[in-house]
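Remarks on the structure that follows.
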């Protein structure tokens, strides 16, 4: 699948934003992050900025962005529509959370924080299901895809919260959470890659053409000499050597290194902890961009079979 | 509404039956499809760089050519690919706007281009590559089963079939109601062992493909009543007679 920069950026930025909103909303009432209005405004504010930039970026992918409001109508059948509805609804409590932390209304902030956390989790779940519900792409139609989206959002959000809390000198709780989630994300991605690499493809050129009863099917002539929309969008190919390197970058820079840095932040404390948390958050965002780019680049669509693609991808 | 209409037994399911035995790969169906539809219901079907290198455009029907099998059993098969008007089309259910829909009355899958936001999720959801994006208008387009021909009372009745069907010189394309077991197309499918494409994905396509017929097996040895070989005939006169009669 074509890794459109707008979608890669959208899912990483809004995922981190919702993760940050989730932890900010949940940990404030517990007293695990600084209680000052300044910190609350910074955390919720950064979350909202990331979410809004992500959503604006996703609009850039649309052929008719001015009609985007129509996407809120088909929540009965469409995960994309459900994601849109969940995102819009979550802006309500998230906006009120921002105002209540600035105004220091503790009770309202607690209620809105919990509602925001719920809304954030539902929105990211819908994002994951958009991909996981497509049987046409075997690398997406996988039981670990939606848990992955949730885990990566929770991890990057916690890393960002640890970075912000580091500026206030209280990074311990979010750093501990982010370190654990980073290690879990590293494991999940490794298991996912092993699973998709080893899986037998569901559809092949033989099932796509129905000619398997005659024998092995090969392309003799393509229907057109130049490229087309289907090939540009759904037959994107990445060299295996680049994929292997990017997988290393994604799993080490995105998950393993930040987890280690966050554990260091936990041990050291003080200014060093702040620096470690900052570096961890920055690395996590870069690594997640690589992870998300690969999520598209390595995904193979059944339509490519008609053009002679290797079913294994 | 992108929720699918309730499927009732015996409901009309309009679709195509494509005969892979007789298709000669002439591309006439693809050409007439483009010709009709670029001014039809989902018009236009734009082209990029139509008169220079790198030309490409929106086509609802594309004819692939494959080789299947090896040796004597190997076949060259021309394979037209278009929308299969599935019974459970995920291209419709994933649509967030309601622009994609499946008609309850005949099962045709259509796009309302006035509502489409161009998110292209339907193209991802279609296993068969039936949806093509119009970059000029920023909306998705697809085969309409020539809805503007099959119900068109301004053209003679015998022409009320999809453009691809009307133009096929090899009679390899058939149009009809696949929901009616007694229709000509349903009988043809039953008789020839028509099959679905990628049934394992569960989209339940309506269109059917008829498999290439098997070539009669050439017998390896000489026929049993072939008689002696010319070299085995010792009498020169009989050898001459055999030679003359064998011409």
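Note that Cβ sites are derived from N, Cα and C of the backbone, with glycine treated the same way.
Nobody curates TrEMBL annotations by hand; they come from automatic prediction.
Sequence-distant neighbours of the transmembrane segment (A:7-27) (same chain, 6+ residues past either end, Cβ-Cβ under 8 Å): 33, 40, 43-44, 46-51, 53-55, 57-58, 61, 87, 90, 94, 97, 112-117, 120-121, 123-124, 127, 149, 152-158, 160-161, 173-174, 177, 285, 288-289, 292-293, 296. Annotated transmembrane segment per TrEMBL: A:7-27 (among others), in sequence order.
Per TrEMBL, transmembrane segment is recorded for A:39-63 (among others).
As annotated by TrEMBL, transmembrane segment applies to A:84-102 (among others).
Residues or ranges marked as transmembrane segment in TrEMBL: A:108-132 (among others). Away from its own ends, the transmembrane segment (A:108-132) comes close to residues 11, 14-15, 18-19, 21-26, 28-29, 40, 44, 79-80, 82-83, 86-87, 89-90, 93-94, 96-97, 100-101, 140-143, 145-150, 153, 295 of its chain (Cβ-Cβ under 8 Å, at least six residues beyond either end).
Long-range contacts of the transmembrane segment (A:144-165) within the same chain, counting only residues at least 6 positions beyond its ends with a Cβ under 8 Å from a Cβ of the stretch, are 11-12, 15-24, 27, 33-34, 39, 42-43, 46-47, 120-121, 124-125, 127-129, 131-132, 171, 173-175, 177-178, 181-182, 184-185, 188-189, 191-192, 195, 255, 258, 262, 265, 274, 277-278, 280-281, 284-285, 288, 291. Look at TrEMBL and you will find A:144-165 (among others) tagged as transmembrane segment.
Within the chain carrying the transmembrane segment (A:171-188), a Cβ under 8 angstroms from the stretch's Cβ atoms is held by residues 23, 27, 32-33, 144, 147-148, 151-152, 154-155, 158-159, 161-163, 165, 251, 254-256, 258-260, 262-263, 265-266, 269, 273-274, 276-277, 280, 284, all 6 or more beyond its ends. Taken from TrEMBL, the feature transmembrane segment applies to A:171-188 (among others).
Per TrEMBL, transmembrane segment is recorded for A:246-265 (among others).
Under 8 Å from some Cβ of the transmembrane segment (A:271-290) lie the Cβ atoms of residues 8-9, 12, 15-16, 152, 155-156, 159-160, 162-163, 165-167, 169, 171-172, 175, 178, 182, 246, 249-255, 257-259, 261-262, 264-265, all in the same chain and six or more residues away from its ends. The feature transmembrane segment is assigned by TrEMBL to A:271-290 (among others).
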